[in-house]
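As recorded in Swiss-Prot:
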DOMAIN    1-54  domain 'ClpX-type ZB'
BINDING   CYS13, CYS16, CYS35, CYS38  Zn(2+) binding site
BINDING   PRO119, THR120, GLY121, SER122, GLY123, LYS124, THR125, LEU126  ATP binding site
Amino acid sequence: MADKGSGDKLLYCSFCGKSQHEVRKLIAGPSVFICDECVELCNDIIREEIQQADSQKGASSDLPTPHEISGILDQYVIGQGQAKKALAVAVYNHYKRLRSSSGSGDVELAKSNILLIGPTGSGKTLLAQTLARLLNVPFVIADATTLTEAGYVGEDVENIIQKLLQKCDYDVDKAKQGIVYIDEIDKISRKADNPSITRDVSGEGVQQALLKLIEGTTASVPPQGGRKHPNQEFVQVDTSNILFICGGAFSGLEKVIRGRTEKGGIGFGAQVKNVDENKRDAELLHQVEPEDLIKYGLIPEFVGRLPVVATLDELDEAALVQILTEPKNALTKQFAKLFKMEGVDLEFRDDALNAIAKRALLRRTGARGLRSIIEHALLDTMYDLPSLKGVSKVVVDNALISGEGQPLLIYSEQGDQPLAAGA
């Protein structure tokens, strides 16, 4: 090591050219010198290269397998096994495609966007949200009913990409790997089988506008959420790697499928239709073909951009009871945690869970209606509980859900007492 005052000869760093008087230390080698500043710079370069290599290695190894994706979805969404399998494979292949480094001569892998078909409250949105949270990518929900063609009153389709950019603080590279869920996609179906002389700006027109966005194009988005105007610089976002998931209830689609699958005739030699009264609409939806979606009102080009079609079953009473109790964020667990903040335990009896599920079925709102039923049943209890002293437990039974009784309050030193109305 060469110190600043050693010898009469002035020494210089062989890398940056600084003299021994301009640096703190000068390290000597065989006819070579390096200063402490260059050593520190080399350490920084090596550290960055190691971090980049580790991140690339971690990116490929962190991608869960389809089995793992489906297993994580099971923790949040009850049932819908076939839809989970289709989603898991499609998402795995999509992000494997993004993380693979393909050369110029390699085969180009096309993107497989997804169409989810199922009744309201069956878990379409929750599946997409859980996938985005699992993969740690930006996620945004768009409502197809608010979209119109460019130039008309309503939201432009490029507003979807603007929302995605806002989600990730206008980090374009991060937005390019996001997931966009377009809800109520069935509401932009063509209004009639034959083209009308009046322009359909919220139906077929929106489908036409979404075509390029879903397939992959460069969208021009105003910076920081501003409105479009001339002489403005736009943020350019390539949508080729954004995964689009479209979902809708497609009410009436089962009739289209039934018309295709059940053939009949007229006359003595006609084959009599064997209409299975027990054949549920959900079973028919599993037989959906692209031609059915086209007849329903989606244009052929739009159907072609959604090659992966997954159907969700309508939830029955048993599935709704499972949704109330089994998922990680089950409603009974959420309300139990809410009551625990007051120092009170909350118990749902089995007859109460069945009653909640039956009421949700009557409302035909699926799992989405479960929370409102519980909120309504526990409204008075949550209003009075903070003012009551000594309550250790609240028990919810069938009588409370049906509106014929009050919850049982268990006090720390007394027996069961029903909560008096307006107490």
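The backbone N, Cα and C atoms fix where each Cβ goes, glycine too.
What you are looking at is a predicted structure, and each value in this text was computed from that prediction instead of being measured.
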List of residues, in chain order, with Cβ under 8 A from that of CYS16 (Zn(2+) binding site) and at least 6 apart: CYS35, GLU37, CYS38
Largest tally of Cβ atoms lying within 10 Å of a Cβ, found at which of the binding-site residues CYS13, CYS35, CYS38, LEU126: CYS35
Distance from CYS13 (Zn(2+) binding site) back to THR125 (ATP binding site), taken between C-alpha atoms, in Å: 62
Fewest-neighbour residue among binding-site residues, criterion Cβ within 10 Å, set PRO119, GLY121, GLY123: PRO119
Cα-to-Cα gap, GLY123 (ATP binding site) vs CYS13 (Zn(2+) binding site), nearest whole Å: 66
Shell of the ATP site beyond PRO119, THR120, GLY121, SER122, GLY123, LYS124, THR125, LEU126, same chain only (C-beta within 8 angstroms of their C-beta centre): GLY118, GLY247, LEU312, GLY366, ALA367, ARG368
Same-chain residues at least 6 apart in sequence whose Cβ lies under 8 Å from THR120 (ATP binding site): ALA249, ARG364, THR365, GLY366, ARG368
Cβ-Cβ neighbours of THR125 (ATP binding site) (radius 10 Å): 16
Collapsed DSSP category at THR125 (ATP binding site): helix
Average model confidence [pLDDT] within the domain 'ClpX-type ZB' (1-54): 81
